[in-house]
């Protein structure tokens, strides 16, 4: 379980519970005792000589005779003899290391996942501030445009009133001048008395025609006298 062959031949798979604790390792759910031991810092590893179990020697004792004890390398100067770690302790140690690595990876992932949100929030706040500034600037521009329109409206109203007053004054002056000129011309023209020409002869001719309807030729002398009178009036 803790040997190099086991580590190279099997891959560790893990799962985390709601408290972010590793509970599954290589398909095996960890117990509370193992988790507690993984949490304890600085736990000394129990190292001792690993004696082969009695079952591994077999029923016959011939192998004990053939097997030779290992010779210590006293003269080599390479240090103390090699010791073998208890597989259970080695498994616990590997699980503790794996637990620390998983916690570190989970923490790193949480920080990496949280940093874009914080950056996005800061960017969002900056965007909101920029939008507020843009709206405030637009409001000031609209207020300035409205003020300019009010000034122009007042100016045009004043100019229109001035033009109306000028036109009214010009109309009154023109009307007064017209009446004065008409009165002056009427005074300069002399009236003439018109009387009908040869009115007496005209009345006699009309009476003659009424009295002598059947003898109108008898009125010829009066007609000639009326024509002579009219011709004289034209000449005179």
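Note that Cβ sites are derived from N, Cα and C of the backbone, with glycine treated the same way.
Listed in Swiss-Prot for this protein:
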COILED    127-167  coiled coil
COMPBIAS  1-11  compositional bias 'Basic and acidic residues'
COMPBIAS  48-58  compositional bias 'Low complexity'
COMPBIAS  62-71  compositional bias 'Basic and acidic residues'
COMPBIAS  122-132  compositional bias 'Basic and acidic residues'
DOMAIN    195-236  domain 'CHCH'
MOD_RES   13  phosphoserine
MOD_RES   31  phosphoserine
REGION    1-22  region 'Disordered'
REGION    34-86  region 'Disordered'
REGION    109-132  region 'Disordered'
MOTIF     219-229  motif 'Cx9C motif 2'
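The average pLDDT computed for the motif 'Cx9C motif 2' (219-229) is 89. Using DSSP to sort the residues of the domain 'CHCH' (195-236) gives these counts of helix, strand and coil: 33 helix, 0 strand, 9 coil.
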